[in-house]
Amino acid sequence: MEYRSLTLDDFLSRFQLLRPQINREPLNHRQAAVLIPIVRRPQPGLLLTQRSIHLRKHAGQVAFPGGAVDDTDASVIAAALREAEEEVAIPPSAVEVIGVLPPVDSVTGYQVTPVVGIIPPDLPYRASEDEVSAVFEMPLAQALHLGRYHPLDIYRRGDSHRVWLSWYEQYFVWGMTAGIIRELALQIGVTP
């Protein structure tokens, strides 16, 4: 697939035709969710945030809006929508949820479910000052280009795991966020 010419219709049909493969037991049982907000445009965008430098965990990192599932959430989808509203003022009613990707185990002990949703192009994003220092949009075709991600094998507590690294403008995209974007690319049939 030529990544430079990805339209929203191309993305939607490929996402809905190719179902994700879940092929292992989760390591973590605490639940969290992130919203992968796809901005509805002729050439769609991918909305990302940069976390506040004042946070205890993952300070300053590029991330999707999201967080832990709490007792008030009816589902992981509800948690992703709640967190997106809290972090960047995306109303849940403005998100057209189209599906989920397989859960990812985080190094902080959560099983994170990526929820894919389409959002309107004219939403007035408002970053939560406590959690988010920046909100930015990356062209989806660029985000899904697998050649932009570089592997790094990390050894922690005797185990090895691979993380992915990339840049977009001044933003360093890596770790779970880069891994989720790569999984989304693979889900829609982008070949390495």
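Cβ from N, Cα, C; glycine included.
These features come from Swiss-Prot:
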type	residues	note
DOMAIN	29-160	domain 'Nudix hydrolase'
MOTIF	67-89	motif 'Nudix box'
BINDING	Glu83, Glu87	Mg(2+) binding site
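Residue density at Glu83 (Mg(2+) binding site): 26 other Cβ atoms are found within 10 A of its Cβ, drawing on all protein chains shown. In the three-state DSSP classification, Glu83 (Mg(2+) binding site) falls within a helix. Break the motif 'Nudix box' (67-89) down by DSSP state and the numbers are 13 helix, 2 strand, 8 coil. The motif 'Nudix box' (67-89) scores a mean pLDDT of 94 in the predicted structure. Residue density at Glu87 (Mg(2+) binding site): 24 other Cβ atoms are found within 10 A of its Cβ, drawing on all protein chains shown.
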